[in-house]
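Enquirer: Below you'll find the structure I mean.
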Amino acid sequence: MMSEEQKGILYAAGSYVMWGVLPLYWKLIDGIQSYEILAHRIIWSLVFMILLVFFLGKTSELKIQTKSLFGEPKQALSLFIAAVVIAMNWGLFIWAVSNDHVMQASLGYYINPLMSILLGLFFMKERFTKVEWLAIALAAAGVFYMTLSLGVFPYISVLLAASFAIYGLLKKNIRIDAIYTILLECLFTLPFALIGLVYLKSINMSHFGMNQDSFILLFSGALTAIPLIMFTAGARRIPLSLIGFLQYIGPTLMLIQSVFLFNEQFTITHLITFGLIWTGLILYSISKIMTYRRQKRI
C-alpha cells in the first residue's frame, strides 16, 4: 500500500516527465503553424476539462466557484490576465520547439524558479537570504555570459521563464480549485483561438481534417490537462522543497532531447551558461531544504 507522500511523488514526477517530453509531441506536427497548434491546444483543453468536470459530477461546484470568482472583480481580472500570459507561454514554447530552440526552452524552465524569487521580492515584498541572492546572481551571470559569447540575448529562455513566473504570481491569490481555473483560463482565451482558426480556414491554411495531424492536435487537450491535474494532486501530498527538486525533471529531459534527438549544438558556451545556472539552482534548493527543516523543528 502506497503512502500519501509516495503517491504525491509519483503524481508530481509524472507531471514533470509529461511536460519534459512535450517537445517530442510538438515535433510530430512541426510543419503546422505555431498559432494553429496553440489555438487547437486551447480548444481541446477546454473540451477535455468540461468533460472531466461533467464526469466527476462537479458541474454544480463549477457554477458556485465561478460565481464566487466573478463576485470579486480583482480575482476575475487576475485570472483573465493569467490565462493570456499562459497562452503566450504555450505559444512561445511551441514556436521554440518547431524552430529548433528546445535547448533555449530548457534553459528557460531552469531559470523559472529564480525568476519567481525576483517577482516575490518586487511584488510580495519577500526577503531574500544571501544564498538566494547568490543563486540569482549566478543565473544572471549565465545569461550575460551567453549573450556576450554568442552575441545573441537568449530571449526565448527569459520570456518563457518570465511568463511562467508571472502566471504563478497571478494565480497565487486566486481562491478556487485548480481544475476550475484551468477550465476558465481556456474559456477566457477561446475567442482568440476561434478567431485565429476561422481566419486560417478562410485563407485555406487550416490543417484540421481527417488526417493524422488532426488526431495529434485533438489529443493536445488531454496532454495539456492531465499533467496539470497530476501536479495539483502531487503538490497537495508532498512538501514544497520536494516539488522544488522534482521540477528540474522537465527541463533536464528537454535538454537531453535537444542534444541527442534534435541535434542542437551544445558548445562550451552552453556548458558554462548551464553550469552557472545549475550551481545557482543547487544553492537555492539547499537553502530551501534547510529552511523547511528549521520550520519543521519549530
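Heads up, the Cβ atoms here are built off N, Cα and C, so glycines get one too.
When I checked TrEMBL for this same protein, it listed these features:
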DOMAIN    7-147  domain 'EamA'
TRANSMEM  9-26  transmembrane segment
TRANSMEM  38-56  transmembrane segment
TRANSMEM  76-95  transmembrane segment
TRANSMEM  107-124  transmembrane segment
TRANSMEM  131-147  transmembrane segment
TRANSMEM  153-170  transmembrane segment
DOMAIN    158-285  domain 'EamA'
TRANSMEM  182-200  transmembrane segment
TRANSMEM  215-235  transmembrane segment
TRANSMEM  242-262  transmembrane segment
TRANSMEM  268-287  transmembrane segment
Enquirer: Is the transmembrane segment (76-95) packed against any residues at least 6 beyond its ends, judged by a Cβ distance under 8 Å, and which are they?
Expert: 22, 26, 34-35, 37-38, 41-42, 69-70, 105, 156, 159-160, 163-164, 166-167, 170-171, 173-174, 181, 184-186, 188-189, 192, 224
Enquirer: Please work out which recorded stretch in 9-26, 38-56, 107-124, 215-235, 268-287 has the most C-beta pairs separated by under 8 angstroms from the transmembrane segment (182-200)?
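Expert: Ranking 9-26, 38-56, 107-124, 215-235, 268-287 by Cβ pairs under 8 Å to the transmembrane segment (182-200) puts 38-56 first.
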Enquirer: Count up the helix, strand and coil residues in the domain 'EamA' (158-285) according to DSSP, in that order.
Expert: 99 helix, 0 strand, 29 coil
Enquirer: Determine which residues of the chain contact the transmembrane segment (242-262) at the Cβ level, with the cut-off under 8 Å and only residues 6 or more beyond its ends counted.
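Expert: Distal contacts: 8-9, 12-13, 16-17, 19-21, 23-24, 27, 100, 102-103, 105-110, 113, 234-235, 274, 281, 284-285, 288.
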Enquirer: Looking only at the recorded stretches 38-56, 131-147, 153-170, 268-287, which one has the largest tally of CB-CB distances under 8 Å to the transmembrane segment (107-124)?
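Expert: Answer is 153-170, with the largest number of Cβ pairs below 8 Å.
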Enquirer: On the DSSP side of things, how many residues of the domain 'EamA' (7-147) fall into helix, strand and coil, could you say?
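Expert: Tallying H, G and I as helix, E and B as strand, the rest coil: 120 helix, 0 strand, 21 coil.
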Enquirer: Hey, which bits of the same chain come close to the transmembrane segment (131-147), Cβ under 8 Å, at least six residues off its ends?
Expert: 111, 114, 117-118, 153-154, 157-158, 269-270, 272-277, 279-281, 283-284, 286-287
Enquirer: Could you pull out which residues elsewhere in the chain have a CB under 8 Å from any CB of the transmembrane segment (38-56), counting only those six or more residues past its ends?
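Expert: Cβ under 8 Å, 6 or more out: 62, 87, 90-91, 94, 179-180, 182-183, 186-187, 189-190, 192-194, 196-197, 208, 217-222, 224-225, 229.
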Enquirer: Can you name the far-off residues of the same chain, 6+ from the ends of the transmembrane segment (153-170), with a Cβ under 8 Å from a Cβ of it?
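Expert: For the transmembrane segment (153-170), the far contacts come to 78-79, 81-82, 85-86, 88-89, 92-93, 96, 101, 104-105, 107-109, 111-112, 114-116, 118-120, 123-124, 143, 146-147.
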Enquirer: For the domain 'EamA' (7-147), provide the mean pLDDT of the predicted model.
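Expert: Residues in the domain 'EamA' (7-147) carry a mean pLDDT of 92 in this prediction.
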